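Colleague: Positions annotated as domain 'Methylated-DNA-[protein]-cysteine S-methyltransferase DNA binding' by TrEMBL: A:105-185.
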């Protein structure tokens, strides 16, 4: 973090966006499940990172894929900020996403199908594997979820093991439980 | 591979602002804002990811110098409209200041021909910076009045 005046940083960001100099934009957002890093490219949100993740690594991952002109701005990221804040207050979340950080085709397919699972509903790993075209690939679905670059927006917290237990989560099981609780789903 | 640009800004922004303040005083934030934009334009064209902190210092220094030049042109226009109409050609300038006493002429030459700031003028005249500023402004006023 820097001690530079926010007004200076926002002016640089606004001018950069105006001139088309930004490869990606990011913001940090306070939520009931802790701070989130949200990064957008020209086509949508490319990365959401929990505060437990290495922020520098997440931004470097984006820079490698979209270009090094990665710029922080709360103002330029107002739309995703508002949408996520709304989600935590119970509203539906509909933000454009860019899944290019999930390169493997099957992982990509899993995340695409997962986007169709609405708030308040869940799906099992096996069922999601079937929807993505390979019913036997429940384990690969687990990997796809564990590496989901845009958690919350692509709702991997809605994927549960067939046992009815909670299962694992990139942001830790307590965050998965908190998100499901927020959506009115009780888990064991 | 180049790191995310904002990681550099967050890591070095504070010291760059201190640097800009040393060079440009009150204009430091404007200078730094401009410098960061210039750096951002050039960033993807950098051939390697080394010495990025030193590079940002260089961009900030260059930007401060450009701002200083631009500001000085504006100051000259502000302070000395009479000279501006004389096109600051050397002979014209000397002719213009000829009616003034030697002290006033020297102060104006140091300021507008040698292009020194008040600290520089003070060093040449062996007086304080405030006294140098005073001499220049008195000379400009006298000049204005003599051509009014």
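Positions of Cβ are set from backbone N, Cα and C atoms, glycine also.
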Colleague: I'm checking region-level scores; what's the whole-number mean pLDDT for the domain 'Methylated-DNA-[protein]-cysteine S-methyltransferase DNA binding' (A:105-185)?
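Modeller: Averaged over the domain 'Methylated-DNA-[protein]-cysteine S-methyltransferase DNA binding' (A:105-185), per-residue pLDDT gives 93.
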Colleague: With DSSP as the reference, give the number of residues of the domain 'Methylated-DNA-[protein]-cysteine S-methyltransferase DNA binding' (A:105-185) in helix, strand and coil.
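Modeller: DSSP composition of the domain 'Methylated-DNA-[protein]-cysteine S-methyltransferase DNA binding' (A:105-185): 39 helix, 4 strand, 38 coil.
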